[in-house]
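First, the structure itself, so that you have it in front of you.
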Amino acid sequence: MHELSIAQGIADVVEEQARICNAAHVREIRLKIGEANGVVYDSLTFCFEMIASLNPMLAGVQLVIDHVPHRAYCQTCHQDFVILNYIPQCPHCQQWSREIISGTELEVLEMEFASGGEEQ
């Protein structure tokens, strides 16, 4: 279950940024997570909520996850396609692709902070 270590990493990054910004509390965190990472979103949310509940700065934070499909580009027929079951075979011409164009992302996109009643 790598979701726990991912959740801890997110909490560490967000807490560090909140301290840099002198924020008292984090209201919302927006993530971009690609399907190729194999992250189970419900498990990640559960793990993050557990970690956040132990930290007053993160308690009650809303976690928003933008899902990114696992996609590739076919060099043979010049089509983008969704990769199914981690098999990068073009559904148009049946050729294999080595050019992954999305789905490997794991990023903190935005953080909304509150400091003394003000949002940052």
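In case you wondered, yes, glycine gets a Cβ from its N, Cα and C as well.
According to TrEMBL, the feature Ni(2+) binding site maps to HIS2. Annotation comment: TrEMBL describes CYS74, CYS77, CYS90, CYS93 as Zn(2+) binding site.
If you look at the structure here, what lies around each of the features I listed?
Contacts of HIS2 (Ni(2+) binding site) defined by a Cβ separation under 8 A and a same-chain sequence distance of 6+ are given as GLY38, VAL39, in order along the sequence. Taken residue by residue with DSSP, HIS2 (Ni(2+) binding site) is part of neither helix nor strand, so it is coil.
Every protein chain shown contributes to the tally, and the Cβ of CYS74 (Zn(2+) binding site) ends up with 20 other Cβ atoms within 10 Å. Annotation note: CYS74 (Zn(2+) binding site) sits in a coil segment as assigned by DSSP.
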What is the number of other Cβ atoms found within 10 Å of the Cβ of CYS90 (Zn(2+) binding site)?
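I get 20 for this one.
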